[in-house]
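Down below is the structure, laid out as structure tokens.
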Amino acid sequence: MSHTDPVQFINGQWQAGLGHAVSSSNPARNEVIWQGKTASTDQVNDAVLSARQAFESWANISLEARVAVVTKFAELLAENKDALATTIALETGKPKWETTGEAGAMVAKVAISLKAYNERTGTVENPMPGAKAFIRHKPHGVVAIFGPYNFPGHLPNGHIVPALIAGNTIVFKPSELTPRVAQEMLKLWEQAGLPKGVINLVQGEVETGKALASHKLIDGLFFTGSSNTGHILHEQFAGQPGKILALEMGGNNPLVVKDVSDIDAVVHDIVQSAFVTTGQRCTCARRLFIEANEQGDAILARLIEVTKNLTIGYYDDEEQPFMGSMISEKAALSLVDAQAKLLAFGATSVVELKHLEVGTGFVSPGIIDVSDIIADIPDEEYFGPLVKLYRYNDFDKAIDEANNTGFGLSAGLLSDSEDSYNHFFTRIRAGIVNWNKPITGASSAAPFGGIGASGNHRASAFYAADYCAYPIASVEAEKVSLPATLTPGIKF
Ligand SMILES: NC(=O)C1=CN([C@@H]2O[C@H](COP(=O)(O)OP(=O)(O)OC[C@H]3O[C@@H](n4cnc5c(N)ncnc54)[C@H](O)[C@@H]3O)[C@@H](O)[C@H]2O)C=CC1
Ligand SMILES: O=C(O)CCC(=O)N[C@@H](CCC(=O)O)C(=O)O
């Protein structure tokens, strides 16, 4: 492992970066696990040009030929599932049970994307007098794909697979925090026999991202990441209506509890919503609404108990922990800082989030009561295991407050009352709305996207097919012929 390692994949060749030295670490043990140099602006340009050059033949080979490569990739992923799950765990700090699930979701993505391609962007033929009407779809061209660190395999894969099936070529810029996962994924695409230039990998930090996002020759950009970066990209794409931009961003997601009989089941769904993946899911519950009554007190007491007992540990612990480390010590400290700011505003700590070990991303989960300072706190996503608690008296006011956010990714109600859910569903604003289920763990077989600051109405997962191709309407006849009835004023 050295900084001169070939970590960029451009036009079918592995090559060393020509930018500055970077590395990636296992955040749980603070060990360097990858080194390289960032892609220079020239290398980003080469990657875009190689994708451009590969586009025509990739778009024009048969769908079957493209599907054969993508299917081979799924087979290779399945064969290498354990190795990939280990790398994801090593680089993110997530426990192995979770990263095994992530690698499995990557395999499943291929069949789901094929189904979505056919259902949403396939060919439709309609008869009409003297002609046929067709709806067909074509790929956009060269697309830039940006991935986040929390699901460094599954989420970029959710753009890459449908983009390739549709016939696009790709320049992939993974998170700078997870370059090793990206490199392993690309090696599998290479082995699957993807023609050179069809997928390119440019590793680097923000400046590499900027060079790619601002490149004149990309036809689109598919982004999963923070709302801040998504907004920057949206501004950058302003005035370019011809380019497709799909933004999957964060949330400040509400979970409301009302009238429930099974307290343990409720606490389970709260924990699974707020703390899974050490709170590093875009769908995680960030705001928890519990009634200010006796039942609410009982739920909270049990939640405190269960939260304090959640196990935290290394990705490879034999007895697997519920939570691993956060992505970095920096991320862990930013959560400690967020908690301190809320306390300074007047919030009350219910369970304190603590940084557990210097030099690592380990934190314990936290619950902070903000009921008295609702009006003052910023509408921000704290991307970690810190949930804000609101005690409420009036269900409608709780829903108003749940909607009092610029985001709109996921939301949920835990309640035994169907009427309450119907009322909640009618009023709540979010792209994912669940009843008596955790608000994390969204299905790849459904659309996945949010409103407001969470997305730009280009839902991913099953609907990713929609942003990977544009529709073409055709009316076609084998011979040109005079219509039986002529338009008034035309004489033959
Ligand atoms: N809605 C969704 O589907 C999901 C959203 N997320 C969100 O992602 C975030 C966590 O991921 P991060 O990696 O921290 O996101 P991030 O926004 O920091 O980075 C995402 C990607 O954008 C690149 N980038 C950053 N600044 C850039 C710029 N100015 N120009 C071009 N590229 C730039 C990064 O290098 C990285 O490749 C959270 O906010 C989370 O909510 C995460 C998973 C799913
Ligand atoms: O993209 C898909 O195939 C489905 C969406 C998905 O996997 N969502 C996960 C992870 C997204 C995140 O929160 O980072 C989830 O909802 O837990």
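Even glycines carry a Cβ here, placed using N, Cα and C.
The active site annotation in TrEMBL covers Glu248 (among others). DSSP assigns Glu248 (active site) to a strand segment in the three-state reduction. Around the Cβ of Glu248 (active site), the same chain contributes Leu155, Phe223, Thr224, Gly225, Gly230, Cys282, Phe448, Gly449, Gly450, Ser454, Gly455, Ser460, each under 8 angstroms and 6 or more positions distant in sequence.
DSSP assigns Cys282 (active site) to coil, not to a helix or a strand. Every protein chain considered, the tally of other Cβ atoms within 10 Å of the Cβ of Cys282 (active site) stands at 29. TrEMBL lists Cys282 (among others) with the feature active site.
Taken from TrEMBL, the feature NAD(+) binding site covers Gly225, Ser226, Ser227, Asn228, Thr229, Gly230. Other C-beta atoms found within 10 angstroms of the C-beta of Gly225 (NAD(+) binding site) number 21, with every protein chain shown included.
TrEMBL lists 20-466 with the feature domain 'Aldehyde dehydrogenase'.
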Around the NAD(+) site (Gly225, Ser226, Ser227, Asn228, Thr229, Gly230), what further same-chain residues have their C-beta within 8 angstroms of the site's C-beta centre?
Phe223, His231, Ile232, Leu233, Met249, Gly250
Per 10 Å Cβ neighbour count, which of the binding-site residues Ser227, Thr229 ranks highest?
Ser227
So which of Gly225, Ser226, Ser227, Asn228, Glu248, Cys282, listed as recorded positions, have a Cβ under 6 Å from an atom of ligand 2?
Cys282
